[in-house]
């Protein structure tokens with residue numbers, strides 16, 4: 001269809017006939033879409049009270065970085081270690097794991113470039129790899145691999161830097177280097193250079209990546225001193241521990257016991273089946289990405305079981321959908337955009353996934369739920385955007401919002417049935433790198 005001038009004039013006359021359109025126009029031009037569509041009544045319906053709450057530490061601040069997945073996991077581990085120590089607060093370093101995640105992602109990228117060297121540069125796979133050689137986001141399995149390999153350190157042993165807090169410039173130049181390296185590696189494969197020669201070049205490339213990371217984030221410590229006061233006020237210290245020794249002694253959680261559960265109602269994903277994602281990971285020899293896809297009711301029941309067991313739940317969602325970031329409210333009716341625009345935005349979860357309207361964008365921690373007659377009404381969420389927003393940094397998520405925009409939780413295997421565990425042990429189907437479940441939280 002051609003858009004003619006006459007057609008545009010008809011559209012304008014139809015628009016002007018409805019006085020509601022002009023009223024909406026005046027409000028949106030002055031206040032913006034979100035402020036104009038705000039549904040105040042939605043915020044009054046649910047007080048910030050929960051029948052089940054699991055204790056946590058204070059809400060941290062990830063600043064202008066995409067490390068939500070890492071913060072969410074480290075929040076959980078920091079609380080567990082503080083309980084082990086018998087101290088009120090003990091915080092682990094995010095920056096330490098961030099450093100090694102970047103280094104491992106560079107190596108993972110080099111491996112992927114070599115494996116795809118026979119493909120044309122304009123292939124979708126190469127476009128995917130080169131568009132973002134590495135980024136801040138990640139998944140649960142990736143953090144487990146990092147901790148198993150590199151251990152943990154206290155926050156004071158490797159504190160935040162300007163570049164960990166605001167990572168755009170660092171990522172820009174690391175990715176620029178990785179793209180240059182990709183060209184060299186592809187040419188080496190095309191020229192049939194030996195694996196030994198390729199490995200030698202990759203070693204030099206990784207040395208430069210390490211150098212860039214150390215300049216931006218600081219060099220990671222090889223030994224640490226652990227010092228704290230326990231709940232009785234007694235001073236405790238352990239000196240000269242390696243990061244792995246520290247993790248082995250103080251981390252009681254067996255991270256391998258936790259299973260990533262997803263709800264992805266899509267034509268290419270069946271329930272009670274496992275899935276992995278091509279070209280997704282960090283530690284080459286580490287844990288592969290693996291999900292068990294279940295219906296939403298099962299996902300929520302597993303989440304409630306874990307909360308009742310006094311354990312918080314790492315989860316992934318699409319935070320950009322119907323969320324008031326200042327007030328900390330996640331509710332599907334919080335913005336009446338359908339009324340504002342006089343347009344029907346009705347869609348379901350499957351359509352949003354399949355038509356690129358929604359995907360995993362953010363990871364947080366579920367630390368509570370309100371149950372009425374055994375059914376959830378609202379959920380308590382620990383975010384990583386600092387304490388100045390929401391309820392001292394905590395968010396309230398309605399159950400309807402969870403149904404529509406939560407895609408993943410991580411659950412201790414003891415809460416899964418034997419049938420669910422048997423399904424998880426099956427060989428996973430491989431999803432494309434650009435699948436919505438392949439996005440990094």
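Each Cβ is built from the backbone N, Cα and C atoms, and glycine gets one as well.
These figures come from a predicted structure and were not determined experimentally.
In the structure as shown, the Cβ atom of residue 68 (active site) sits within 10 Å of 23 other Cβ atoms. DSSP classifies residue 68 (active site) as helix under the three-state reduction. Marked as active site by TrEMBL: 68 (among others).
The annotation active site is assigned in TrEMBL to 362 (among others). Within 10 Å of the C-beta of residue 362 (active site) there are 21 other C-beta atoms, taking all protein chains into account.
Residues annotated as active site in TrEMBL: 383 (among others). Taking Cβ-Cβ distances under 8 Å and a sequence gap of 6 or more within the same chain, the neighbours of residue 383 (active site) are 59, 328, 364, 389, 390, 393, 394, 395.
DSSP classifies residue 362 (active site) as strand under the three-state reduction. In this structure, residue 383 (active site) belongs to neither helix nor strand by DSSP; it is coil. Counting only the Cα atoms, the space from residue 362 (active site) to residue 68 (active site) is about 6 angstrom.
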